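Annotated in Swiss-Prot:
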BINDING   34, 165, 169  L-tyrosine binding site
BINDING   230  ATP binding site
DOMAIN    349-416  domain 'S4 RNA-binding'
MOTIF     39-48  motif ''HIGH' region'
MOTIF     227-231  motif ''KMSKS' region'
């Protein structure tokens, strides 16, 4: 099967320039292709997974994947998808972000069939007069103004700096075409204009027979019409310090039945048969959420590894059952990151007083009532003795006390 057919089945193709020509090229040889990312932050988020999952599929199929870290383009800002001018970063920020993104890319793509480059290495060598003479003459301003990425900004205004972004991205494509034997650029749907500008530049500089292609991915929307990738808490990051593997796992586990098969096709390497089986289970046994569970397992393993999957599942099972005693300190940090927390001393104290002092209970009367009724669990154990003494240093390396009030309300007490 041609990889384009596989991508089409997975719903991963928005537009292709000269599909017939690209098909023939893919059948004939190992193709060089690339995707770029500007270092606007020090971590990728799940929105970045959309083009990079496609790049990974090409890599797995034996094609030569390239990633451009946009140290040059990132210093001026891509107007794509933005309603206003980007705030320029300091070069120190850009360098820091470049290093962080490169590390993440190496983790995701490994060492085989992957080349990571920085476009500052060649863009910084072009002087102003050379830029205007060698490249400026080849770009028609009317054509540039009609590109969606620019046209959408004309009413509110766009700086010359961001206006020229598509020229720099075109230079990138030409550079990789000439020096790295790269014939295909992939990107999000909003990158179509920038990518096709690069194809035009290659044809003008190398001749109309030069093989250069564009492939874009559809904008991914959820069943409710909102954009994929955002949560109430903001972006979902690939950096475990920003979004823990447990949070990452929960994000995928909580996907809507209407979306889960689409995400399994796009964000996993499961076969058509495996996904068809899970699709049937969504229809016949939706309450088991097997498709969501498999989606969470596959995505966490891809981004964080197998051990992270085990940890996330262990935390989920412990919080669901209330059996939290077996959690490690690291797992507690992950699982309780966004739950209410208080600081306490290591001093042992009567449970009623302790619950009121921590603010978990509003009054001693309420505390006594909840304890007596069995509504309070300390580190997984139901406590109904009003004379019980809490010793914060007794478990979890003396770092935490886990309190559950009722069936689902958790609190984390951190020992000072």
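Using N, Cα and C of the backbone, Cβ positions are placed for all residues, glycine too.
Other C-beta atoms found within 10 angstroms of the C-beta of residue 165 (L-tyrosine binding site) number 24, with every protein chain shown included. Non-local neighbours of the motif ''HIGH' region' (39-48) in the same chain are 69-71, 74, 77, 86, 89, 94, 96-98, 100-101, 104, 228-229, 235-239, 242, 251; each lies 6+ residues outside the stretch with a CB under 8 Å from one of its CB atoms. Of all residue pairs in the L-tyrosine-binding list (34, 165, 169), the one with the greatest Cα separation is 17 Å apart. In this view, the densest Cβ surroundings among the binding-site residues 34, 169 belong to 169, judged by other Cβ atoms lying within 10 Å.
Mean pLDDT for the motif ''KMSKS' region' (227-231) in this predicted model: 77.
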